[in-house]
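*Asks:* Below are the features I grabbed from TrEMBL:
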type	residues	note
REPEAT	29-62	repeat 'TPR'
REPEAT	97-130	repeat 'TPR'
REPEAT	211-244	repeat 'TPR'
REPEAT	257-290	repeat 'TPR'
REPEAT	295-328	repeat 'TPR'
REPEAT	329-362	repeat 'TPR'
DOMAIN	382-452	domain 'J'
Amino acid sequence: MILSLRCEICTAGMVHFLSFFISVSSREAESFKEQGNAYYIKKDYSEAFNYYTKAIDMCPKNASYYGNRAATLMMLSRHREALEDSQQAVRLDDTFMKGHLREGKCHLSLGNAMAASRCFHRVLELEPDNSQAQQEVKNADSVLEYEKMAELGFEKHDFRMVVFCMDRALESASACHRFKVLKAECLAMLGRYPEAQSVASDILRMDATNGDALYVRGLCLYYEDCIDKAVQFFVQALRMAPDHEKARLACRNAKALKAKKEDGNKAFKDGNYDAAYELYSEALTIDPNNIKTNAKLFCNRGTVGSKLKKIDQAIEDCTKAVKLDETYIKAYLRRAQCYMDKEEYDEAVRDYEKVYQTEKTKEHKHLLKNAQLELKKSKRKDYYKVLGVDKNATEDEIKKAYRKRALMHHPDRHSSASAEVQKEEEKKFKEVGEAFTVLSDPKKKSRYDSGHDMEDDTGNMGDFDANNIFKAFFGGGGGQGYSFEANQSSGPGNFFFQFG
């Protein structure tokens with residue numbers, strides 16, 4: 001009896017003590033919450049977080065404390081932790097409207113629009129007129145729509161559309177690494193490497209193990225022709241995510257491209273131009289998306305083509321190179337030289353002007369001036385072509401050429417031809433005389449070779465008498481006569497020259 005009474009007294013005391021302890025704890029927890037609220041209002045979210053945590057430690061079953069800490073974590077951009085607190089809040093109290101709302105916002109910020117939508121609809125079940133939840137449902141629906149559009153755009157390689165959709169989606173899903181990585185990948189595909197690198201780097205600062213971000217960093221380096229560094233990032237991405245197929249494929253392509261390009265370079269240095277041409281061609285089939293490296297490969301193949309005397313092919317390859325990379329000076333220089341070789345000086349001048357505008361070096365200025373000179377010279381009569389000799393022809397070769405052409409086009413030789421033919425041959429005879437007059441005189445030849453227009457120097461080359469040049473050359477001066485007669489034994493159209 002006495003023992004039973006003592007037990008009842010102990011139990012009552014314990015209950016009273018626990019009630020008192022809980023009451024004190026609740027008051028203390030509430031005090032911590034109020035202090036957290038004060039810091040939250042001041043936007044001192046770190047201190048607010050600390051006090052809400054103290055409140056939770058005192059009363060771990062209070063849903064509102066988790067809700068408040070979730071709100072603070074959201075302001076600190078710690079959305080995954082905020083999501084955990086929000087979920088704990090609604091587990092403790094499924095009617096806690098703010099808890100569901102914050103859970104939905106966290107899901108949406110992290111890019112899970114479907115889960116977010118479910119949370120917002122739960123809010124509307126609890127409070128049908130909640131305008132904030134109504135707007136958030138629309139935001140979630142928009143994110144889902146932009147996701148679908150981006151997926152379709154990526155399949156069609158419409159990378160600009162994907163970037164647009166991800167920018168719109170990220171307005172609501174600001175903490176979604178998946179959206180950011182997709183945007184960065186598409187920026188890389190568009191050649192906007194600094195922007196892509198920046199996005200990927202931001203992700204890696206928050207999550208150094210993010211395989212997708214590591215892949216994008218490698219992709220940018222790969223497309224900028226920094227293949228060795230790119231491979232390092234692809235390998236690192238595969239360590240973090242062994243099943244990352246894009247990183248695996250990119251790594252394989254990078255290694256294959258590097259090996260094939262190096263083989264082509266070696267063949268070129270060894271003078272094996274046919275092999276180099278084939279190796280560069282094979283390298284170009286590995287990855288059509290690698291714009292910068294492919295531009296170099298086209299230029300390299302153009303260089304080989306010029307060595308193989310495939311000038312038109314070389315020009316075409318250089319044109320492909322500059323279409324891929326408009327800043328590729330080497331390709332412009334190679335194409336300009338090919339145009340010079342083809343004596344297409346207008347095109348050569350255009351390319352050299354582009355180069356000089358980009359890089360104003362002495363060498364580029366010299367190349368431009370030389371092309372402009374050749375262009376100017378090409379607008380005059382080409383006396384070397386008139387005589388049918390090379391520009392490095394000797395004095396003796398020039399004389400022999402004049403003898404041959406003067407006899408070929410002399411008017412007397414064509415006296416029995418039609419009036420039209422006679423007129424044409426007389427014109428050619430005159431041009432042959434002009435050409436010989438200039439090229440047989442060292443001073444005139446020097447001025448002609450340096451680009452001077454000889455008609456400007458001598459008034460009008462058309463005023464001179466080609467017959468006098470002919471007489472002087474063949475020794476027909478001083479009253480000597482000369483004539484062309486048909487060689488009956490040789491058949492019609494064959495003539496011989498006879499001095500009278």
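Any Cβ shown, glycine's included, is placed from N, Cα and C.
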*Asks:* Please indicate, using numbers and ranges, the residues of the same chain that are 6 or more beyond the repeat 'TPR' (29-62) and have a C-beta under 8 Å from a C-beta there.
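*Replies:* Residues packing against the repeat 'TPR' (29-62) from afar: 68-69, 71-73, 75-76, 92.
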*Asks:* Using a Cβ cut-off under 8 Å, which residues of the same chain at least 6 positions beyond either end of the repeat 'TPR' (257-290) come close to it?
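*Replies:* Result: 189, 222-223, 225, 227-228, 296-298, 300-301, 303-305, 307-308.
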*Asks:* Could you give me the DSSP helix, strand and coil counts for the repeat 'TPR' (211-244)?
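*Replies:* Result for the repeat 'TPR' (211-244), in helix, strand, coil order: 27 helix, 0 strand, 7 coil.
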*Asks:* Report the mean pLDDT of the predicted model across the domain 'J' (382-452), rounded to a whole number.
*Replies:* 87
*Asks:* With helix taken as DSSP H, G or I, strand as E or B and everything else coil, how many residues of the repeat 'TPR' (257-290) land in each class?
*Replies:* 24 helix, 0 strand, 10 coil
